[in-house]
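K.L.:
Provided herewith is a single structure, encoded as structure tokens, for subsequent inquiry.
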Amino acid sequence: MSICPPTLLRRPQAPAALIGKQDAAKDDGITSQRLQLHGGAADPGQSEEMQRNGVLECSACRSKVAVPSPRSVSRAYDKHRSKVSSKYRALNVLLVSGDCILVGLQPILVFMSKVDGKFQFSPISVNFLTEVAKVIFAIIMLIIQSRKQKVGEKPLLSLSTFVQAARNNVLLAVPALLYAINNYLKFIMQLYFNPATVKMLSNLKVLVIAVLLKIIMRRKFSIIQWEALALLLIGISVNQLRSIPAGTNAFGLPVTAIAYAYTLIFVTVPSFASVYNEYALKSQFDTSIYLQNLFLYGYGAIFNFLGILGTVIFQGPESFDILRGHSRATMFLICNNAAQGILSSFFFKYADTILKKYSSTVATIFTGLASAAFLGQPLTVNFLLGISIVFISMHQFFSPLAKVKDEKTAGTVELGDSQNHR
């Protein structure tokens, strides 16, 4: 009787990208190849009981080879995948819930900040103070995080760490500049379009974000997901049609060239800022998010301060008083804006821009429902149709069926890599 080499009797490892029957098929193929190397083969007539026990017998030397059963491999992988996916789902739920609360508070705080229906403060000062608040938060969290570091880890607050992180995250200056431009662009758009038209035009960001994700992040979308994004655009538009005044066409753009230029910039700039922010944060994934936020918000504070200096040049020195006209309500508004910005960074680093867009849409819907419940505002047919389309779009985009094609492709690539290393 021949003795099988130890390498032929090792327990074959199933590729992590395959589950269920695919695991079993590949493992059986690996085992057959190993048995054939020394002149043997798996006996097709072996008892089903032996196969169920995870044992195959070589026809040449009658040695038994342990093979993981399909059920055990599938169960182990499903358990691992459920742990990862459960943490991912829990994080997404927390992000979306927090975003809904903060976005829901936004219109209330804006209303409370008005005096006789007008703002007594400069919107530019709000943007600057918001960035300063986010910088302070990032510094506090860095101090807390540094105190929890283990012995031997590179200190977060050292000068070398700070300089190296600043060099690696210099790309964050790009979204910071774009966000600052977008803050001023919002007010310029009001000069050329009515508020309802501005809302309608902002819906185009959904598709622009998807295209930019495909170009910059190499993100792949299935046909079902593209259709879901189109449904999201339609659902938001149907919902906002109720706010258009009578006799006003939401899509009636002025024929001036400057209006078209501002429209293109208004749709492209914030979309590119969000996608590039996601790219910059994830490209340095090992860097602390609070350290990355410190650079992002630091750049934002600098750009907004330059905007304040610009207003001083055109409006006079009195506009340099950034605290003029602020009240307790505006301080809450600034804190809320800062919290939204901080939460967005977690979306971009640990989730994606598409989920953030869906989250903001759901938050707007919950705000409408809360207004109907507590303020007595009527729910229109457009609103009900719009939220129905939005939720259908969300279910369709995140459905496992929408990612089947990508998973198969990824599984093929990983299988090829594992065979090349074998």
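Including glycine, each Cβ sits where the backbone N, Cα and C put it.
From TrEMBL, here are the annotated features:
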TRANSMEM  90-112  transmembrane segment
TRANSMEM  124-144  transmembrane segment
TRANSMEM  251-273  transmembrane segment
TRANSMEM  294-317  transmembrane segment
TRANSMEM  329-351  transmembrane segment
K.L.:
Compare 90-112, 124-144, 329-351 by their Cβ pairs under 8 Å to the transmembrane segment (294-317) and return the stretch that comes out on top.
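P.N.:
Stretch with maximum Cβ contacts: 124-144.
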K.L.:
So which residues does the transmembrane segment (124-144) touch in its own chain, when a touch means Cβ under 8 Å and the partner is 6 or more beyond its ends?
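P.N.:
Sequence-distant neighbours of the transmembrane segment (124-144): 156-157, 180, 183-184, 288, 290-291, 293-294, 297-298, 300-301, 304-305, 307-308, 311, 322-324, 326, 330, 333-335, 337-338, 341-342.
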K.L.:
For the transmembrane segment (90-112), give me same-chain residues lying six or more residues beyond its boundaries with a C-beta closer than 8 angstroms to one of its C-beta atoms, as numbers and ranges.
P.N.:
329, 332-333, 336-337, 339-340, 343, 346-347, 350-351, 355-356, 358-360, 362-364, 366-367, 370
